[in-house]
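K.L.:
First the structure, then my questions, so here it is.
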Amino acid sequence: MRLLEGRRLGAVVGVLNQGVISLANLGIGLAVLRLGTKAEFGVYSLGYMAVIIATGFAAGLFGAQLTARVYHRAPTERPRFAAALLLGQTVASALLCLVMLAAALAAGLATPPGSGTATQQTVFLSILAAPMAMTLDFLRYHRLVLHRPAEALGLDIVNGLGWAGFFVAGLALGMPVHVAGLGGFGIACAVTSLLGLWGARLPLAAARRQCGAALAEAWQQGRWALGGVAVTVAQNNAHVYLLAWLTSAETVAELNAARMLMSPAALLTTGVNRTLIPRLAVLHAEGQGARLRRLAGEAVLLVLVLLVLYGIALLLGWDAVRALVLRDAYAGVGVLMVGWGLVYALQALTENLSAQLQARAEFRALTVLNAITALPVLIAVVPLILWAGAAGSLIALACGQAVLAALLYRVVTASADR
């Protein structure tokens with residue numbers, strides 16, 4: 001394999017980058033699981049997932065458009081284009097979250113920490129943390145677009161250490177574990193974003209006049225990317241919220257405990273794709289279709305091998321994991337972990353194929369294909385949850401990913417032949 005040669009070294013750094021994110025997420029999540037009640041871990045996982053979903057929407061409209069369009073500009077114009085998109089994202093996300101927070105407070109759905117229920121506190125903290133996480137994610141995209149994955153890795157190391165520090169500080173101040181976890185995440189993202197902005201040296205003042213034009217350009221394909229993200233969220237995440245609605249936060253805690261233990265392997269896919277998509281976009285712009293397909297194939301093989309190795313390591317150390325991490329209340333998560341392993345293997349295929357379409361700016365095709373598979377999943381997941389609980393939601397999710405992989409492969413191969 002030539003994955004480690006030349007510019008492909010970025011894929012390895014991308015794995016390390018996502019490994020840092022995964023380690024921080026896993027460490028805080030395990031602490032919340034171990035120190036909190038099952039209900040507290042359930043609402044924490046729902047809140048953190050909501051922030052990640054919001055970040056995904058911002059990435060589809062801003063980060064992905066930066067990646068797809070920046071290479072079609074002169075090198076001297078690229079910093080201003082990136083700055084204009086960042087300004088647009090910051091203003092839009094801040095205003096939207098303020099409106100959502102005001103509405104949630106007025107409706108009694110959110111309360112500041114120290115009052116209300118754990119669910120209300122989680123809603124409050126999730127809304128506040130979202131714009132911070134979005135900004136940090138864009139700055140990560142920017143570093144990867146510049147082919148500086150080591151700088152993106154540095155940002156995530158700072159963010160992970162800050163998250164851990166603020167979490168411990170919150171616990172020392174007597175905060176509930178879910179408040180310390182989500183609050184610490186939001187503050188860490190804010191601090192890291194400020195450091196990232198300082199290091200990026202983007203011409204923010206000069207880009208203000210171009211903000212409208214840059215947003216209009218990004219919206220041309222970004223609207224399809226937004227639709228694609230919405231459909232992906234419906235397919236990959238809606239089942240968790242349906243599970244919470246149909247069962248309880250405790251059942252969600254079991255599902256997400258299994259998911260969390262498998263998440264280091266799953267996040268490898270994101271890490272590889274974050275560095276892969278910019279390189280695929282360059283190859284597409286240069287008309288090197290054969291190299292594009294070869295690099296994509298090597299990347300998905302790397303992810304699948306690492307996923308299998310992680311699964312073997314987890315199996316060998318299962319007794320220790322069960323004794324040190326899981327309490328008796330989570331004794332049944334082993335079967336759910338196997339289900340998540342299958343889902344993540346299928347997602348590695350679908351996300352790799354999606355990355356190839358993103359590099360070609362074929363966002364409309366992505367949205368349509370995701371929509372075709374999302375609706376049957378949403379229809380099937382309710383009876384499957386009622387039949388098999390948390391395991392039923394994974395059955396629906398795995399079937400949807402398998403069908404999506406087949407459809408994406410057909411479109412990618414047809415597009416490559418043109």
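Placement of Cβ uses the backbone N, Cα and C atoms for every residue, glycine included.
Automated prediction, rather than curation, is the source of TrEMBL annotations.
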K.L.:
When TrEMBL marks a stretch as transmembrane segment, which of 179-200, 245-266 is it?
P.N.:
179-200
K.L.:
What stretch of 41-62, 83-110, 329-346 shows the most Cβ pairs under 8 Å to the transmembrane segment (394-412)?
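P.N.:
Looking at each of 41-62, 83-110, 329-346 in turn, the most contacts to the transmembrane segment (394-412) are made by 329-346.
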K.L.:
Do the transmembrane segment (122-141) and the transmembrane segment (179-200) share at least 3 Cβ pairs under 8 Å, sequence separation 6 or more?
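P.N.:
Checked: the transmembrane segment (122-141) vs the transmembrane segment (179-200), in contact.
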K.L.:
Between the transmembrane segment (179-200) and the transmembrane segment (367-388), are there at least three Cβ pairs closer than 8 Å, leaving out pairs fewer than 6 positions apart?
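P.N.:
The answer is no, given that the two segments have fewer than 3 Cβ pairs within the 8 Å cut-off.
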K.L.:
Near the transmembrane segment (41-62), which residues from the same chain, at least 6 beyond its ends, have a CB less than 8 A from one of its CBs?
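P.N.:
Those are 25, 29, 32-33, 85-86, 88-89, 93, 118-119, 122-123, 125-126, 129-130, 133-134, 137-138, 141, 177-178, 181-182, 185, 218-219, 222-223, 225-226, 228-230, 232-233, 237, 240-241, 244, 248-253, 256-257, 259-260, in sequence order.
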K.L.:
Do at least three CB pairs under 8 A connect the transmembrane segment (367-388) and the transmembrane segment (329-346), leaving out pairs fewer than 6 apart in sequence?
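P.N.:
Counting Cβ pairs under 8 Å, fewer than 3, so no.
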